[in-house]
Amino acid sequence: MIEIIVPATTANIGPGFDCLGMALNLYNKVLFEEIEDGLQIHGCEERFNNKENLVYTSMIHTFKKVGYTPSTGFKITMDCHIPESRGLGSSAACILAGVIGATELSNSKLNKEEILKIATEIEGHPDNITPALFGGMTVSIQDQTSIHFSKVPIQNNFRIYGLIPNFTLSTKESRAVLPQEVSFQDAVFNVGRTALMLASFMNGDLELLNFSIDDKLHQNYRASLIPEYPSIIEKLNFLDIKGSFLSGAGPAIIVIAGKDNLGLADRIQNRMLELENKWTVKEFNMDTQGALIKRWR
């Protein structure tokens, strides 16, 4: 038996659209067992208990990539804690679990860079896959043939909070509201703030972070899909935070605060009670290891 543990991720991180991501200490755990024949999937909703399951399709895709034909069936047991369609990398976690599981089951000698490439082929973009695989904060971009990435050595002098609503938002829907073109002025706005924000994380300068985490490429457009979004941001700005941003395509929101801002989760939660929808506040730590493999006899 092989268990693959994959962390949640938050992508974009304000102005870093489609290139920045960070792994969080919330996990999906997937156990793979070889059985005589057939497919058994346990631990997830009934609608995912079939051959269209993302873990399974990612596993089969990887088998084909490495030229492996399984001679057994599989039992897949899922223990998923990353909420679906909230912008916290649930699909990236399932894809990586399937790719890594297939790599182990087939005894392939794929390195992490090769796993990254296969998983990104399935996901379509590397900004969630990269931190989920390597841990920490990462910058990743892809061209026609390669994925280029680097881990960012950031200071651990801040707290991370996730505001997770009781409604979902698909990446497809969230992508659809984005413009085909943006102004040169908005592009320059994001380039400068992305560079300054990375320097702020690396230097531990949370005051600069508060200024640089702003964005003009995607958040304003996606805000229209999230009920009461302007009101939420207004409430957060009264709580002495160092910045907030949409997590991936949304609807979850990530808040960055100083280490000395104690009891913030309760104060955010109290503000969220004033809203029409239910929002759950969760404190995170950054996961620094990325996806893990455990073998059980």
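Cβ coordinates come from backbone N, Cα and C, glycine included.
Predicted, not measured: the structure shown is a model, and the values here were computed from it.
Record features, source Swiss-Prot:
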type	residues	note
BINDING	Pro83, Glu84, Ser85, Arg86, Gly87, Leu88, Gly89, Ser90, Ser91, Ala92, Ala93	ATP binding site
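Same-chain residues that are not part of Pro83, Glu84, Ser85, Arg86, Gly87, Leu88, Gly89, Ser90, Ser91, Ala92, Ala93 yet have a Cβ within 8 Å of the Cβ center of the ATP site turn out to be Ala8, Ile82, Gly248. With the fewest other C-beta atoms within 10 Å around its C-beta, Pro83 stands out among the binding-site residues Pro83, Gly87, Gly89. Around Ser85 (ATP binding site), a 10 Å sphere centred on its CB holds 18 further CB atoms from the protein chains shown. Neighbour counts were taken at the CB atom with a 10 A radius for the binding-site residues Ser91, Ala93; the maximum falls on Ala93.
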